[in-house]
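Taken from TrEMBL, the feature substrate binding site covers Lys107, Asn289. Per TrEMBL, heme binding site is recorded for Cys444.
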Amino acid sequence: WKSGVLWSGKNLSGHAQLLWCVFFYCRRIGEPPLDNGLIPYVGCALQFGANPLEFLRTNKRKYGHIFTCKLMGKYVHFITNPFSYNTVMRHGKYFDWKKFNFAVSAKAFGHRSIDPSDGNTTENVHETFTKTLQGDALNSLTEAMMENLQYVLRPPVLSKTNSDSWVTEGMYSFCYRVMFEAGYLTLFGKDLTRQEAQRTFILNNLNNFKQFDKIFPALVAGIPIHMFKNAHNAREKLAEALKHENLQKRDNISELITTRMFLNDTLSTFDDKEKAKTHLALLWAAQANTLPATFWCLFHTIRSPEAMKTATEEVRKALENSGQKISFEGKPISLTQMQLNDMPVLDSIIKEALRLSSASLNIRAAKEDFTLHLEEGSYNIRKDDIVALYPQLLHLDPEIYPDPLVFKYDRFLNENGKPKTSFYCNGIKLKYYYMPFGSGLTLCPGRLFAVHEMKQFLILMFSYFEMQLIDSQVKCPPLDQSRVGLGILPPTNDIDFKYKLKH
Ligand code: HEM
């Protein structure tokens, strides 16, 4: 409004124009079309929150491929044309990729800013993540996860006296329990001094994690954690267990954590509790998406007899080729990264399950005023505005994925059974067609490990257990929309299934 070029309210007097602008932020020439919403400050947040996919589809029909929405005082420019995603990435120098993430992390986990420019630490967390979640480090993580999954799944945990009978459980609770326990042990190692108390310790952590994670959307929205007494207590207890003095008692801690425990960061002003809270942030990043994603992989596969048959056959062959046999008492199964990477059916199942359940929001904050040059035109963006991609729009686009709401286990396979990587929109090949792990500089550094651990879980479930849905005709549960923007959405209700050890 400083430039005085108004898109709406232009017939008002100067004073009224100013008021109009304070409440409604006016569009300048060259900026994307603006939806201010009806409520000052809140803007369109309620409509967006109620059904983001429908809201964005409606706005796309109304305004075209790029438009601005006011959301809780922020101006968010949505780019909805997947052919423009690449161009947005190329404007990287104008974006602050981390500002938003650093701020959310500090708010949610209760540590001070980890942005080196704020002077509390010199650690380049992005580098640490890449170094300790990929390359050589990925080998040890993957090995440890396979061992821990079998520690959780095999007898005596599932008592031998019970091994002939069916056990009925909610499938989401089951996946949550197994993946949380194995994942926690993989990141933070085992306490060798108190082995018998290990399970109780992890289950306490699991309950605290659930309680804390439930209010995560509220924390991201800026509501202080003090408003939620139980979740606040749960967070403090989770962090307490991750203090240096407690981690020191554990063996086989992942490099992701040890690198940060013994970081040579002389400028760090973080005390032990605050460091523990940054470990908690990693626990959350490693679990919050993986737990529901694992559920969707298992649920969709069990519901599709063809998927189940083909996947089980792929697993059988992989074990045969590696010369290993399933046994409850003998050596745990172990597969190398190369063997895991050569399982295209499981890869396709995982991709399809994530395509259907992912609702992440890729956000970048503008560092300065600049012009965004896209395929469909050039648009002026103001400093501190947000540019957002919402990949669910492309994941559920019928042009790209026919019958987008149907789970097709082989959607990401070619006719020759190899991974399919060519997807088209209007006859043109897409570079970006699958984005549950984000994009550009905020691409998830744990994505390779995440796929390995879900694959390992499926391999073990298909090998060790017979499984059946209690209601073979059960409908697919809806996605929990309250977590839109955070990644993989959990189901709104659990689905009962039964399992027993195979003979
Ligand atoms: C299905 C599982 C997973 C999904 C869908 C997923 C998705 C994502 C997405 C979308 C982001 C970027 C968020 C943004 O745009 O700011 C992200 C960031 C991150 N993820 Fe994952 N993730 C998964 C599993 C994991 C695992 C297993 C780990 C670690 C063990 C992990 C570690 C991280 C970390 C550390 C970040 C922050 C990166 C940074 O700020 O530089 N993720 N993840």
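Numbering starts at 1 and runs along the chain as displayed.
From the backbone N, Cα and C atoms, a Cβ is placed for every residue, glycine too.
TrEMBL annotations: computationally assigned, not manually curated.
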Can you tell me which of Lys107, Asn289, Cys444, our binding-site residues, come within under 6 Å of ligand 1 at the Cβ?
Asn289, Cys444
So what sits near Asn289 (substrate binding site) in its own chain, CB-to-CB under 8 Å and at least six residues off in sequence?
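Residues satisfying the criterion: Ala450, Leu486, Gly487, Ile488.
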Which secondary structure state does DSSP assign to Lys107 (substrate binding site), in the simple three-class scheme?
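Going by the DSSP assignment, Lys107 (substrate binding site) falls within a helical segment, counted as helix.
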Below 8 Å Cβ to Cβ and six or more residues apart, same chain only. Which residues does that give for Lys107 (substrate binding site)?
Leu219, Val220, Gly222
Helix, strand or coil: which one is Asn289 (substrate binding site) in, per DSSP?
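For Asn289 (substrate binding site) - judged by DSSP and reduced to three states - the answer is coil.
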Report the same-chain neighbours of the residue listed as 'heme binding site': residues 6+ apart in sequence with Cβ closer than 8 Å to its Cβ, ordered by sequence.
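Set apart from the residue listed as 'heme binding site' by at least 6 residues yet with Cβ under 8 Å, we have Phe437, Gly438, Ala450.
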Can you tell me whether DSSP puts the residue listed as 'heme binding site' in helix, strand or coil?
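For the residue listed as 'heme binding site' - judged by DSSP and reduced to three states - the answer is coil.
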